[in-house]
Amino acid sequence: MNIHEYQAKALLKTYGVPISKGVPIMRPEDAEAAANELGGPVWVVKSQIHAGGRGKGKFKEADAGEQGGVRLARSVDEVKTFASQMLGKTLVTKQTGPAGKQVNRLYIEEGSAIDKEFYLSALVDRETGHVAFVVSTEGGMDIEEVAHSTPEKIVTLTVDPVTGVMPHHGRSVAKALKLTGDLAKQAASLVDQLYAAFVGMDMSMLEINPLIVTKDGNLRVLDAKVSFDSNALYRHPDLADLRDLTEEDEKEIEASKYDLAYIALDGTIGCMVNGAGLAMATLDIIKLYGEEPANFLDVGGGASEEKVTAAFKIITADPQVKGILVNIFGGIMKCDVIANGVIAAVKAVGLSVPLVVRLEGTNVEEGKKIIAESGLNVLPADDLDDAAQKIVAAVKGN
Ligand code: ADP
Ligand code: MG
(Lines of atoms letter the chains of each structure in order from A and count residues from 1; the text may use other names and numbers.)
(Lines give C-alpha, C1' and ligand atoms only; values in the text may rest on other atoms or scores of the structure.)
(Ligands and ions follow the chains in the order given, each with its own letter.)
Protein backbone atom coordinates (compact mmCIF):
# COMPACT_ATOMS: atom_id res chain seq x y z
CA MET A 1 0.00 0.00 0.00
CA ASN A 2 1.30 3.44 -0.96
CA ILE A 3 0.58 6.71 0.80
CA HIS A 4 1.02 10.38 -0.04
CA GLU A 5 4.12 12.43 0.71
CA TYR A 6 2.38 14.54 3.36
CA GLN A 7 1.11 11.43 5.14
CA ALA A 8 4.57 9.85 5.06
CA LYS A 9 6.11 13.00 6.50
CA ALA A 10 3.56 13.17 9.31
CA LEU A 11 4.36 9.56 10.24
CA LEU A 12 8.13 10.08 10.06
CA LYS A 13 7.79 13.14 12.28
CA THR A 14 6.47 10.94 15.09
CA TYR A 15 9.85 9.16 14.99
CA GLY A 16 11.69 12.47 15.31
CA VAL A 17 12.67 12.76 11.65
CA PRO A 18 13.33 16.40 10.63
CA ILE A 19 10.71 17.57 8.14
CA SER A 20 9.41 20.97 7.08
CA LYS A 21 6.16 22.48 8.26
CA GLY A 22 3.33 21.93 5.84
CA VAL A 23 -0.45 21.89 5.45
CA PRO A 24 -2.37 19.53 3.13
CA ILE A 25 -5.39 20.96 1.31
CA MET A 26 -8.05 19.56 -0.99
CA ARG A 27 -9.84 22.77 -2.04
CA PRO A 28 -8.36 25.93 -3.60
CA GLU A 29 -10.26 28.06 -1.08
CA ASP A 30 -8.14 26.56 1.71
CA ALA A 31 -4.86 27.70 0.13
CA GLU A 32 -4.83 31.17 1.68
CA ALA A 33 -5.30 29.95 5.25
CA ALA A 34 -2.62 27.29 4.74
CA ALA A 35 -0.16 29.83 3.36
CA ASN A 36 -0.86 32.26 6.21
CA GLU A 37 -0.44 29.52 8.78
CA LEU A 38 3.03 28.73 7.43
CA GLY A 39 3.96 32.39 7.22
CA GLY A 40 6.35 32.36 4.26
CA PRO A 41 8.20 34.19 2.79
CA VAL A 42 8.67 31.20 0.48
CA TRP A 43 6.25 28.31 0.02
CA VAL A 44 6.29 25.20 -2.11
CA VAL A 45 3.01 23.94 -3.56
CA LYS A 46 3.31 20.19 -4.07
CA SER A 47 0.92 17.92 -5.98
CA GLN A 48 0.05 14.84 -3.95
CA ILE A 49 -0.18 11.79 -6.21
CA HIS A 50 1.19 8.29 -5.79
CA ALA A 51 3.99 8.83 -8.29
CA GLY A 52 7.37 10.49 -8.33
CA GLY A 53 8.92 12.91 -10.79
CA ARG A 54 6.26 15.51 -9.97
CA GLY A 55 8.64 18.45 -10.13
CA LYS A 56 9.55 17.71 -13.72
CA GLY A 57 6.02 16.60 -14.64
CA LYS A 58 3.63 18.44 -16.96
CA PHE A 59 -0.06 19.11 -16.60
CA LYS A 60 -2.32 18.08 -19.46
CA GLU A 61 -4.60 21.11 -19.16
CA ALA A 62 -3.38 24.42 -20.55
CA ASP A 63 -5.01 26.39 -17.71
CA ALA A 64 -2.91 24.50 -15.14
CA GLY A 65 -0.01 26.81 -15.94
CA GLU A 66 3.38 26.21 -17.47
CA GLN A 67 5.21 24.80 -14.44
CA GLY A 68 5.37 21.22 -13.15
CA GLY A 69 3.71 19.56 -10.17
CA VAL A 70 6.00 21.12 -7.51
CA ARG A 71 6.04 24.94 -7.55
CA LEU A 72 7.87 27.58 -5.63
CA ALA A 73 5.64 30.46 -4.52
CA ARG A 74 6.86 33.83 -3.25
CA SER A 75 3.57 35.29 -2.03
CA VAL A 76 0.26 34.15 -0.57
CA ASP A 77 -1.38 35.19 -3.83
CA GLU A 78 0.96 32.97 -5.78
CA VAL A 79 0.13 30.02 -3.50
CA LYS A 80 -3.56 30.68 -4.18
CA THR A 81 -3.01 30.90 -7.94
CA PHE A 82 -1.03 27.68 -8.05
CA ALA A 83 -3.59 25.87 -5.91
CA SER A 84 -6.46 26.81 -8.21
CA GLN A 85 -4.40 25.97 -11.30
CA MET A 86 -3.29 22.55 -10.06
CA LEU A 87 -6.21 21.04 -8.12
CA GLY A 88 -8.37 18.75 -10.22
CA LYS A 89 -5.89 18.76 -13.10
CA THR A 90 -4.02 15.80 -14.57
CA LEU A 91 -0.31 15.58 -13.96
CA VAL A 92 1.85 13.43 -16.24
CA THR A 93 5.25 12.37 -14.88
CA LYS A 94 7.82 9.74 -15.78
CA GLN A 95 6.12 7.42 -13.31
CA THR A 96 2.42 7.99 -14.07
CA GLY A 97 2.43 6.76 -17.65
CA PRO A 98 0.91 8.86 -20.44
CA ALA A 99 -2.56 8.87 -18.86
CA GLY A 100 -1.26 10.86 -15.88
CA LYS A 101 -2.93 11.18 -12.49
CA GLN A 102 -5.50 13.64 -11.27
CA VAL A 103 -4.24 15.92 -8.51
CA ASN A 104 -6.87 15.92 -5.78
CA ARG A 105 -4.66 17.03 -2.91
CA LEU A 106 -1.90 19.57 -2.49
CA TYR A 107 0.70 19.93 0.20
CA ILE A 108 1.65 23.53 0.94
CA GLU A 109 5.06 23.41 2.53
CA GLU A 110 7.48 26.02 3.81
CA GLY A 111 10.30 26.61 1.35
CA SER A 112 13.76 25.40 2.34
CA ALA A 113 17.02 27.10 1.44
CA ILE A 114 18.89 24.16 -0.07
CA ASP A 115 22.66 23.80 0.15
CA LYS A 116 22.95 20.16 -0.99
CA GLU A 117 20.60 17.41 -2.15
CA PHE A 118 21.18 13.72 -1.37
CA TYR A 119 19.41 10.44 -2.04
CA LEU A 120 18.54 8.01 0.76
CA SER A 121 16.24 5.03 0.69
CA ALA A 122 15.51 1.95 2.75
CA LEU A 123 14.08 -1.29 1.47
CA VAL A 124 14.02 -4.98 2.21
CA ASP A 125 17.01 -6.57 0.51
CA ARG A 126 15.85 -10.01 -0.60
CA GLU A 127 19.32 -11.42 -0.95
CA THR A 128 20.37 -10.79 2.65
CA GLY A 129 16.90 -10.71 4.16
CA HIS A 130 17.93 -7.47 5.88
CA VAL A 131 16.76 -3.90 5.66
CA ALA A 132 19.15 -2.11 3.34
CA PHE A 133 19.94 1.59 3.18
CA VAL A 134 20.87 2.99 -0.21
CA VAL A 135 22.56 6.39 -0.15
CA SER A 136 24.03 8.67 -2.76
CA THR A 137 25.35 12.19 -3.00
CA GLU A 138 23.37 12.50 -6.24
CA GLY A 139 20.07 13.67 -4.78
CA GLY A 140 17.08 15.19 -6.53
CA MET A 141 17.91 13.19 -9.65
CA ASP A 142 16.57 10.05 -11.21
CA ILE A 143 18.30 7.36 -9.11
CA GLU A 144 17.91 4.71 -11.84
CA GLU A 145 19.93 6.97 -14.10
CA VAL A 146 22.62 7.42 -11.40
CA ALA A 147 22.75 3.65 -10.87
CA HIS A 148 23.19 3.17 -14.59
CA SER A 149 25.80 5.79 -15.42
CA THR A 150 27.70 6.26 -12.14
CA PRO A 151 27.09 3.18 -9.97
CA GLU A 152 30.12 4.05 -7.81
CA LYS A 153 28.12 6.99 -6.47
CA ILE A 154 25.63 4.67 -4.79
CA VAL A 155 26.45 3.08 -1.44
CA THR A 156 24.40 0.25 0.03
CA LEU A 157 24.56 -1.04 3.60
CA THR A 158 22.42 -3.59 5.35
CA VAL A 159 21.26 -3.78 8.96
CA ASP A 160 21.27 -7.08 10.82
CA PRO A 161 17.82 -7.41 12.43
CA VAL A 162 19.35 -8.93 15.56
CA THR A 163 21.54 -5.96 16.40
CA GLY A 164 19.53 -3.23 14.67
CA VAL A 165 21.27 -0.01 13.66
CA MET A 166 24.84 0.19 15.03
CA PRO A 167 27.04 3.28 15.26
CA HIS A 168 29.01 2.12 12.22
CA HIS A 169 25.89 2.41 10.04
CA GLY A 170 25.57 6.08 10.88
CA ARG A 171 29.28 6.59 10.20
CA SER A 172 29.02 4.81 6.84
CA VAL A 173 26.08 6.95 5.76
CA ALA A 174 27.85 10.13 6.84
CA LYS A 175 30.97 9.05 4.97
CA ALA A 176 29.01 8.19 1.82
CA LEU A 177 27.41 11.63 1.92
CA LYS A 178 30.73 13.30 2.81
CA LEU A 179 29.29 14.75 6.01
CA THR A 180 31.41 15.67 9.02
CA GLY A 181 30.97 17.19 12.46
CA ASP A 182 27.45 18.01 13.51
CA LEU A 183 25.97 16.98 10.16
CA ALA A 184 27.53 13.52 10.56
CA LYS A 185 25.83 13.25 13.96
CA GLN A 186 22.53 14.30 12.41
CA ALA A 187 22.96 11.65 9.71
CA ALA A 188 23.55 8.97 12.34
CA SER A 189 20.44 9.84 14.30
CA LEU A 190 18.42 10.07 11.08
CA VAL A 191 19.44 6.51 10.18
CA ASP A 192 18.32 5.41 13.65
CA GLN A 193 14.96 7.14 13.31
CA LEU A 194 14.31 5.89 9.79
CA TYR A 195 15.15 2.31 10.71
CA ALA A 196 12.79 2.48 13.69
CA ALA A 197 10.04 3.88 11.45
CA PHE A 198 10.69 1.31 8.73
CA VAL A 199 10.53 -1.68 11.04
CA GLY A 200 7.92 -0.25 13.40
CA MET A 201 5.42 0.37 10.63
CA ASP A 202 6.32 -2.65 8.45
CA MET A 203 7.34 -0.59 5.46
CA SER A 204 8.47 -2.26 2.28
CA MET A 205 10.05 0.88 0.87
CA LEU A 206 11.03 4.33 2.08
CA GLU A 207 12.56 6.74 -0.40
CA ILE A 208 13.84 10.19 0.46
CA ASN A 209 14.83 12.06 -2.67
CA PRO A 210 16.03 14.58 -1.83
CA LEU A 211 17.39 14.56 1.67
CA ILE A 212 18.88 18.02 1.96
CA VAL A 213 21.43 20.03 3.89
CA THR A 214 19.85 23.42 4.52
CA LYS A 215 21.83 26.62 4.19
CA ASP A 216 21.85 26.86 8.00
CA GLY A 217 23.50 23.45 8.28
CA ASN A 218 20.72 20.99 9.05
CA LEU A 219 19.60 17.75 7.48
CA ARG A 220 15.99 17.70 6.36
CA VAL A 221 13.73 15.23 4.60
CA LEU A 222 12.31 17.17 1.64
CA ASP A 223 10.47 14.39 -0.17
CA ALA A 224 9.23 11.06 1.19
CA LYS A 225 7.74 8.11 -0.60
CA VAL A 226 6.55 5.24 1.57
CA SER A 227 5.04 1.83 0.78
CA PHE A 228 3.82 -0.57 3.42
CA ASP A 229 3.90 -4.33 3.28
CA SER A 230 0.22 -5.11 2.62
CA ASN A 231 0.58 -8.48 4.33
CA ALA A 232 1.41 -6.72 7.61
CA LEU A 233 -1.32 -4.08 7.46
CA TYR A 234 -3.51 -6.08 9.83
CA ARG A 235 -1.05 -5.06 12.53
CA HIS A 236 -1.57 -1.36 11.78
CA PRO A 237 -5.27 -0.51 11.47
CA ASP A 238 -4.39 3.19 11.79
CA LEU A 239 -2.21 3.00 8.68
CA ALA A 240 -4.94 1.30 6.65
CA ASP A 241 -6.97 4.52 7.09
CA LEU A 242 -4.36 6.38 5.04
CA ARG A 243 -5.22 4.40 1.93
CA ASP A 244 -6.41 6.72 -0.87
CA LEU A 245 -8.65 4.67 -3.12
CA THR A 246 -8.74 7.41 -5.78
CA GLU A 247 -5.08 6.61 -6.44
CA GLU A 248 -5.70 2.94 -7.10
CA ASP A 249 -6.90 1.00 -10.11
CA GLU A 250 -10.65 0.30 -9.79
CA LYS A 251 -10.20 -3.29 -10.91
CA GLU A 252 -7.55 -3.84 -8.25
CA ILE A 253 -9.80 -2.38 -5.55
CA GLU A 254 -12.61 -4.71 -6.63
CA ALA A 255 -10.24 -7.69 -6.66
CA SER A 256 -8.98 -6.90 -3.17
CA LYS A 257 -12.57 -7.23 -1.87
CA TYR A 258 -12.50 -10.89 -2.91
CA ASP A 259 -8.96 -11.45 -1.71
CA LEU A 260 -7.81 -12.01 -5.28
CA ALA A 261 -4.18 -11.29 -6.08
CA TYR A 262 -4.85 -9.12 -9.16
CA ILE A 263 -2.62 -6.57 -10.85
CA ALA A 264 -3.83 -4.61 -13.88
CA LEU A 265 -1.47 -4.57 -16.86
CA ASP A 266 -1.62 -2.88 -20.28
CA GLY A 267 -2.20 -5.79 -22.68
CA THR A 268 -5.17 -7.49 -24.32
CA ILE A 269 -5.29 -11.02 -22.90
CA GLY A 270 -7.09 -11.42 -19.59
CA CYS A 271 -5.62 -14.21 -17.47
CA MET A 272 -7.13 -16.33 -14.73
CA VAL A 273 -4.63 -18.67 -13.14
CA ASN A 274 -4.18 -20.46 -9.83
CA GLY A 275 -0.81 -20.07 -8.18
CA ALA A 276 1.48 -17.06 -8.46
CA GLY A 277 4.28 -18.97 -10.19
CA LEU A 278 1.94 -20.42 -12.79
CA ALA A 279 0.43 -16.96 -13.28
CA MET A 280 3.88 -15.49 -13.95
CA ALA A 281 4.65 -18.30 -16.39
CA THR A 282 1.35 -17.62 -18.14
CA LEU A 283 2.24 -13.95 -18.61
CA ASP A 284 5.64 -14.95 -19.96
CA ILE A 285 4.29 -17.39 -22.49
CA ILE A 286 1.68 -14.93 -23.76
CA LYS A 287 4.50 -12.47 -24.41
CA LEU A 288 6.57 -15.22 -25.99
CA TYR A 289 3.85 -15.74 -28.57
CA GLY A 290 3.64 -12.05 -29.32
CA GLU A 291 0.77 -10.64 -27.27
CA GLU A 292 0.57 -8.73 -24.00
CA PRO A 293 -1.33 -9.82 -20.86
CA ALA A 294 -4.08 -7.54 -19.54
CA ASN A 295 -3.53 -8.58 -15.95
CA PHE A 296 -1.84 -10.81 -13.44
CA LEU A 297 -4.34 -12.84 -11.47
CA ASP A 298 -3.80 -15.61 -8.97
CA VAL A 299 -7.18 -16.91 -7.84
CA GLY A 300 -5.49 -19.00 -5.18
CA GLY A 301 -5.39 -22.69 -4.42
CA GLY A 302 -8.88 -23.02 -3.00
CA ALA A 303 -10.80 -20.72 -5.32
CA SER A 304 -14.56 -20.95 -4.74
CA GLU A 305 -17.15 -20.55 -7.46
CA GLU A 306 -17.86 -17.09 -6.04
CA LYS A 307 -14.23 -16.10 -6.37
CA VAL A 308 -13.96 -17.44 -9.90
CA THR A 309 -17.10 -15.48 -10.86
CA ALA A 310 -15.75 -12.29 -9.28
CA ALA A 311 -12.46 -12.74 -11.10
CA PHE A 312 -14.29 -13.25 -14.39
CA LYS A 313 -16.34 -10.11 -13.86
CA ILE A 314 -13.23 -8.05 -13.26
CA ILE A 315 -11.50 -9.45 -16.35
CA THR A 316 -14.48 -9.03 -18.68
CA ALA A 317 -15.25 -5.52 -17.41
CA ASP A 318 -11.85 -4.39 -18.71
CA PRO A 319 -12.45 -2.85 -22.16
CA GLN A 320 -8.85 -3.65 -23.14
CA VAL A 321 -9.47 -7.39 -22.90
CA LYS A 322 -9.80 -9.02 -26.33
CA GLY A 323 -9.47 -12.62 -25.16
CA ILE A 324 -9.27 -14.63 -21.94
CA LEU A 325 -6.95 -17.45 -20.97
CA VAL A 326 -7.91 -19.63 -18.03
CA ASN A 327 -4.99 -21.74 -16.90
CA ILE A 328 -5.67 -23.95 -13.91
CA PHE A 329 -3.63 -26.67 -12.34
CA GLY A 330 -5.92 -28.82 -10.25
CA GLY A 331 -3.87 -29.88 -7.28
CA ILE A 332 -5.85 -29.36 -4.12
CA MET A 333 -8.57 -27.99 -6.37
CA LYS A 334 -10.24 -30.46 -8.67
CA CYS A 335 -10.55 -29.70 -12.38
CA ASP A 336 -14.25 -30.56 -12.50
CA VAL A 337 -14.96 -28.05 -9.74
CA ILE A 338 -13.01 -25.40 -11.63
CA ALA A 339 -14.79 -26.22 -14.88
CA ASN A 340 -18.17 -25.80 -13.20
CA GLY A 341 -16.97 -22.54 -11.68
CA VAL A 342 -15.80 -21.19 -15.04
CA ILE A 343 -19.07 -22.14 -16.72
CA ALA A 344 -21.17 -20.61 -13.95
CA ALA A 345 -19.07 -17.45 -14.22
CA VAL A 346 -19.44 -17.27 -17.99
CA LYS A 347 -23.20 -17.76 -17.68
CA ALA A 348 -23.42 -15.10 -14.98
CA VAL A 349 -21.39 -12.39 -16.66
CA GLY A 350 -21.63 -13.26 -20.36
CA LEU A 351 -18.78 -13.62 -22.77
CA SER A 352 -18.07 -11.47 -25.80
CA VAL A 353 -14.43 -12.40 -26.39
CA PRO A 354 -12.70 -15.72 -27.14
CA LEU A 355 -12.00 -17.89 -24.09
CA VAL A 356 -9.35 -20.60 -23.94
CA VAL A 357 -9.37 -22.98 -20.99
CA ARG A 358 -6.43 -25.16 -20.10
CA LEU A 359 -6.95 -27.61 -17.26
CA GLU A 360 -4.44 -30.04 -15.82
CA GLY A 361 -4.30 -32.20 -12.71
CA THR A 362 -6.85 -33.97 -10.55
CA ASN A 363 -10.07 -35.00 -12.40
CA VAL A 364 -8.83 -33.37 -15.60
CA GLU A 365 -10.92 -35.65 -17.86
CA GLU A 366 -14.15 -34.82 -16.04
CA GLY A 367 -13.24 -31.14 -16.19
CA LYS A 368 -12.64 -31.20 -19.93
CA LYS A 369 -15.86 -33.11 -20.47
CA ILE A 370 -17.87 -30.52 -18.54
CA ILE A 371 -16.36 -27.73 -20.66
CA ALA A 372 -16.94 -29.63 -23.93
CA GLU A 373 -20.56 -30.38 -23.07
CA SER A 374 -21.39 -26.92 -21.75
CA GLY A 375 -22.43 -25.63 -25.16
CA LEU A 376 -20.46 -22.46 -24.48
CA ASN A 377 -18.00 -21.08 -26.96
CA VAL A 378 -14.92 -22.21 -25.04
CA LEU A 379 -11.75 -23.34 -26.79
CA PRO A 380 -10.16 -26.21 -24.90
CA ALA A 381 -6.37 -26.55 -24.82
CA ASP A 382 -4.12 -29.47 -24.03
CA ASP A 383 -1.18 -27.75 -22.43
CA LEU A 384 0.08 -24.28 -21.65
CA ASP A 385 1.93 -23.94 -24.93
CA ASP A 386 -1.15 -24.91 -26.91
CA ALA A 387 -3.36 -22.62 -24.78
CA ALA A 388 -1.11 -19.61 -25.26
CA GLN A 389 -0.91 -20.10 -29.02
CA LYS A 390 -4.67 -20.53 -29.28
CA ILE A 391 -5.55 -17.39 -27.35
CA VAL A 392 -2.93 -15.30 -29.14
CA ALA A 393 -4.25 -16.53 -32.52
CA ALA A 394 -7.83 -15.81 -31.45
CA VAL A 395 -6.98 -12.28 -30.34
CA LYS A 396 -4.96 -11.54 -33.45
CA GLY A 397 -7.79 -12.85 -35.64
CA ASN A 398 -10.17 -10.30 -34.14
P1 ADP B 1 9.33 14.83 -7.03
O2 ADP B 1 10.44 13.92 -6.63
O3 ADP B 1 8.04 14.10 -7.19
O4 ADP B 1 9.67 15.67 -8.23
P5 ADP B 1 10.06 16.49 -4.74
O6 ADP B 1 9.32 16.60 -3.46
O7 ADP B 1 11.34 15.73 -4.70
O8 ADP B 1 9.06 15.88 -5.83
O9 ADP B 1 10.31 17.95 -5.29
C10 ADP B 1 11.08 18.22 -6.44
C11 ADP B 1 12.16 19.22 -6.15
O12 ADP B 1 11.57 20.43 -5.64
C13 ADP B 1 13.12 18.79 -5.05
O14 ADP B 1 14.20 18.05 -5.58
C15 ADP B 1 13.57 20.11 -4.47
O16 ADP B 1 14.64 20.63 -5.23
C17 ADP B 1 12.37 21.00 -4.64
N18 ADP B 1 11.58 21.09 -3.38
C19 ADP B 1 10.66 20.24 -2.94
N20 ADP B 1 10.16 20.62 -1.74
C21 ADP B 1 10.80 21.76 -1.42
C22 ADP B 1 10.74 22.65 -0.30
N23 ADP B 1 9.92 22.45 0.72
N24 ADP B 1 11.57 23.73 -0.32
C25 ADP B 1 12.40 23.96 -1.35
N26 ADP B 1 12.49 23.18 -2.42
C27 ADP B 1 11.71 22.08 -2.48
MG1 MG C 1 11.60 13.68 -5.07
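Positions of Cβ are set from backbone N, Cα and C atoms, glycine also.
A TrEMBL annotation is a machine prediction, not a hand-curated record.
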- Note on the structure: Among ASN274, ASN295, ASN377, the candidate listed by TrEMBL alongside GLY331, ILE332, MET333 for substrate is ASN274
- Counting other Cβ atoms within 10 Å of each Cβ, which of the binding-site residues LYS46, ARG54 scores lowest? ARG54
- Query: What's the CA to CA span in angstrom from GLY331 (substrate binding site) over to ASN209 (Mg(2+) binding site)?
  - Reply: 46
- Message: Please report the Cα separation of ASN209 (Mg(2+) binding site) and GLU117 (ATP binding site) in Å, rounded to an integer.
- Response: 8
- Cβ-centroid neighbourhood (8 Å) of the substrate site, ASN274, GLY331, ILE332, MET333 excluded: GLY275, GLY301, GLY302, ALA303, ILE328, PHE329, GLY330, LYS334, GLY361, THR362
- Task: Calculate the distance in Å between the alpha carbons (Cα) of GLY53 (ATP binding site) and MET333 (substrate binding site), and round it to a whole number.
- Result: 45
- Neighbouring C-beta atoms (10 Å sphere around the C-beta of ASN209 (Mg(2+) binding site)): 22
